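> Below you'll find the structure I mean.
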Amino acid sequence: MNALHSFSGRCPSQRTRLVRCGGWLRWGVVALLLVMPSFASGELIPTPDFSSHQIPTTEVPAGGGVGWEFLDVALLVLALSLASYFALVTRSRRHLFALSFASLVWFGFVRQGCVCSIGATQNVALALFDAGYVIPVSVVAFFLLPLLFTLFFGRTFCAAVCPLGAIQEFVSIKNVQVPRWVDHSLGLMTWIYLGAAVIFSATGTAFLICRYDPFVGFFRLGGNANMMIAGGMLLLIGVFVGRPYCRFLCPYGAVLSVFSRFSWFHVRIPATQCISCGLCTEACPYGAIESPVARATPGEASRGRARLGWILLATPLIIVAFTGMGALMRVPLSRMDPDVQLAEQLRKESMGLAVTTTDASEAFRNARRDERALYESVITKQDRFRWLGVMLGAWIGVVISFKLVSLGIRRPHADYRADTKNCVSCGRCFWYCPVTEGGTSNPASGSIPKEPSQLVQIT
Amino acid sequence: MSDKRASSATRVSLPIADRREFLSRGTRVAGAIALGTLGGFLAGRYGNAGETRWQIDPDKCVGCSHCSTYCVLDESAVKCVQCFDMCGYCDICTGYLDTNYDDVSTAAENQLCPTAAVVREFIEDKAGQRFYQYTIDEDACIGCGKCVKGCALMNGSLYLQVMHDRCVNCNECAIARVCPTQAYTRVPSDKPYLIKEQAQALYESKIGDASGVDDDPVEKLMRMVTMR
């Protein structure tokens with residue numbers, strides 16, 4: 001009766017009061033008679049035996065077939081072949097541009113940016129380190145095929161197949177040359193990102209590349225607001241500084257650059273003999289043209305040797321320093337792991353430091369799981385992250401040393417040529433090069449403007 | 001020989017160019033071999049088991065509603081599923097009625113489901129007790145898990161599942177990342193669904209009854225479910 005009185009205070013009218021209080025009463029009865037015993041014993045309220053009604057069985061829809069994936073791989077091979085053909089044989093910027101539009105539509109907007117070769121790196125890393133993870137064949141194909149094509153033809157994948165490259169290719173309108181030192185130092189981030197992505201995916205902690213994919217939100221026409229903003233900023237920067245994601249972030253691009261460095265064929269800027277006019281350096285928005293480098297004078301050579309000697313001496317120090325820094329990264333790195341996050345939250349709550357509980361901590365406490373066991377597993381995990389931090393630090397040290405050494409080596413050559421590491425074979429320079437197929441410069445022809453400013457930049 | 005003597009520049013540069021060419025050719029072959037080895041290794045890994053898909057372990061799910069908001073699809077791939085064999089067919093269903101319901105009716109204000117995706121249907125009156133069947137209208141369901149949370153007070157026959165006609169099988173499932181109980185697991189793609197352990201026991205006892213029938217719905221379901 002007391003319960004009824006206390007409830008009646010909330011009821012606005014006589015009629016609804018009776019009904020609502022009836023409802024509350026029934027809730028109470030239900031809770032007392034049914035929930036408690038059934039919860040305690042784990043028994044269910046029995047399903048009634050109906051006289052005529054047949055109790056149905058749950059139906060779940062079948063999964064989609066693998067047809068899409070095979071179609072994707074087939075289209076990838078087709079696109080890679082076409083891109084290589086357009087870049088190396090027909091040398092047609094127009095065709096490359098059309099192909100990259102098609103790739104953006106299919107691999108980007110239709111297939112919503114998944115599966116992509118950049119992300120496939122993580123699946124491969126996970127598959128290498130975790131025998132329990134089964135990597136789909138299509139993902140292996142997406143990882144290996146562009147690498148194979150790059151080994152033969154250079155980074156034609158970047159030119160016209162990768163949807164992330166394509167979306168940046170289209171916005172690269174006003175070409176601002178970035179200072180070489182900025183280009184070199186920001187370019188190191190691709191390698192560091194690669195190391196971090198491999199370490200986190202190999203341990204099954206996180207797929208960083210997918211999580212921080214700046215353009216997938218555009219492909220899916222909606223997504224994580226922060227990443228959409230980041231993607232928008234990158235596109236905005238990309239208007240002036242060509243392909244910022246490809247050059248300064250893309251971890252797959254880092255791998256491709258090594259393969260492209262040793263590629264069998266690679267795009268040539270002039271069809272025949274370079275006349276050293278230098279127009280191509282102004283045309284390239286990606287800083288991927290190497291200007292001629294003269295042979296060193298004896299004085300320069302000895303200074304260069306001394307500098308290289310110092311760099312080689314410093315290399316072990318750099319690696320050791322970064323390894324040490326990596327060892328200190330145990331706690332921040334381990335915070336990527338959901339178990340570690342949960343353990344920290346539980347700790348804070350029990351010490352009264354946390355203002356609110358999280359869904360995870362509430363669920364943990366409601367399930368009455370063993371807190372001690374969680375802490376123990378988290379401590380083992382953090383130990384593992386110490387070693388991962390050491391590895392990541394050593395990797396960063398190696399990457400930086402490698403860069404310094406490669407900058408310290410002089411490679412004399414006479415012509416303007418594509419820097420095979422960074423050139424994405426987009427073909428913009430073909431339009432600017434005054435050398436024609438015939439082998440002579442053709443200034444009289446009206447179709448080829450002499451000044452870069454006279455050219456329409458996009459196509 | 002006379003060519004070599006012609007200029008000192010060619011005499012110096014030719015061997016260097018040859019050495020460079022030899023090195024880069026060697027690296028290229030090494031790269032090709034490395035790619036082949038990696039491909040072979042990964043293909044060998046693939047041979048051990050089939051591909052996987054994301055699924056919710058209904059025994060871990062707490063119905064936090066993240067599934068309805070974090071999926072990369074506009075309309076989440078997660079939907080509610082009714083396990084009829086676990087359902088009590090209650091008149092006052094805690095998965096159907098809002099906690100502040102005015103009346104046991106199908107009026108929208110009494111319903112827990114924000115999209116009225118739980119369909120209530122009278123079945124039978126037995127000894128003064130009225131029994132109702134609750135079915136999920138999959139097109140209306142948004143996977144918020146409100147009914148799952150409500151039903152968990154009673155039998156827990158309602159549970160969430162990733163529907164594989166909708167799921168795009170992201171590399172890193174955006175819901176799995178935020179799932180508070182880490183209920184998302186990868187299951188074999190030929191059996192991409194999970195059921196509660198209690199349901200598994202029920203079905204295992206049931207499957208013997210109608211064995212031999214080709215289109216037995218229980219067997220049909222079991223073909224889609226990964227058993228624990």
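We number each residue from 1, going along the chain as drawn.
Backbone N, Cα and C atoms are what each Cβ position is placed from, and that goes for glycine too.
Note that TrEMBL annotation is computational and uncurated.
Annotation source TrEMBL lists transmembrane segment at A:24-45, A:65-89, A:96-120, A:140-167, A:188-209, A:221-241, A:308-329, A:385-405. Annotated domain '4Fe-4S ferredoxin-type' per TrEMBL: A:265-294, A:414-444, in sequence order. What TrEMBL lists as region 'Disordered' is A:440-459.
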> For the transmembrane segment (A:385-405), which stretch among A:140-167, A:188-209, A:308-329 has the most Cβ pairs under 8 A?
A:308-329
> For the transmembrane segment (A:188-209), what are the same-chain contacts with Cβ under 8 Å, counting residues 6+ beyond its ends?
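118-119, 121-123, 125-126, 128-130, 133, 247-255, 257, 336-337, 384, 388, 391-392, 395-396, 399-400, 403.
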> Where else in the chain does the transmembrane segment (A:221-241) make close Cβ contacts, counting only residues six or more beyond its ends and a cut-off under 8 Å?
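Those are 167-168, 171-176, 178, 212-215, 285, in sequence order.
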